[in-house]
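First up is the structure itself, then whatever we jot down about it.
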Amino acid sequence: MAAVREPREEAAVGEGEGEEEGRWGGLLPELVEEVVRRVEASGGERWPARKDLVSCACVCRRWREAAAAVVRPLPESGRITFPSSLKQPGPKDFPIQCFVKRNKKKSMFYLYLGLLNGTMDKGKFLMAARRFRRGPHTEYVISLDADDLSQGSNAYVGKLRSDFWGTNFKIYDNQPPYDDAKTSSTRSSQRFGSTHRFGSRRICPQISAGNFNVGQISYKYNLLKSRGPRRMFCTMECPSTQETWENSLKTKSLRCTGTTVLRNKAPRWHEHLQCWCLNFHGRVTVASVKNFQLVATADPSHPDSVGDEETVILQFGKVDSNIFTMDYRQPLSAFQAFAICLSSFGTKLACE
């Protein structure tokens, strides 16, 4: 009798959950939007209070649609709310301040959203990466789950792959940067299909997953002196800022905004300190060859493109033995910025 009774109990629980969700989903759309709007207004601009908005979006489809309508995308609001924010470009007028924690023994790197100023800030966990050695190459697998860094996982968001010398890198996204983008022919990309299971943690489950090349990073030979600053160049396929993430999900299409070319900002030599210096505005406190600032430069393949030598798009620097700050802004996303910063770890032969 017990074997017959258990399925009935499970069925009863499932029916109860469906009935409960039906009651929440049956509320007027205007009422649901007003509730979500008040939750955001009641101190939900920063984490951890902002998790209440995520809870609202998890109730059912109607509440999720209301949250998408009320909560503005990262480029407009300047706030990271949902996992989709990690693939959206940062705000234009100010940087998103994050920090990276390194665990050398486990070859792990953790990205956090900075909530407070100071190295004692616990932060809001965003992504994690782990370094793997695969033959002559080194790979950094990036995931939304620090405990699951498999490329076959729904938490997988992309990876960074280096050459043998550790001077040239390619960034792979698990989702296409634009329509008709071609996936790489690596073995790991063949494990992904177009299907997804309910409850997927992927940033955009509606779009087929794979490994799409969205950026390249190269470290050039150091012509100044030993232990001098690294010379760094990045070519990135950046996400569109002209349409909201919600619209891209509805149309299942993504736009290509062209290529962004970045290079490291040239430091100045400080005679008194006898070292190369950059102005990090107090965000970097420990001298390190890993410290850098990236600015936009003109694209050689487009004669009409214009660079901006003053606005720092991404800066990365050391504040403790295993803690680094990471500040990024438009046109980079958090995922792209994190991947670029990961490339600074490890020895660069003939570059330093």
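From the backbone N, Cα and C atoms, a Cβ is placed for every residue, glycine too.
Region 'Disordered' is the annotation Swiss-Prot gives to one range among 1-23, 70-92, 231-253, 300-322, and that range is 1-23. Each residue in the domain 'F-box' (22-78) gets a DSSP state, and the totals come to 38 helix, 0 strand, 19 coil. Taken together, the residues of the domain 'F-box' (22-78) have an average pLDDT of 81.
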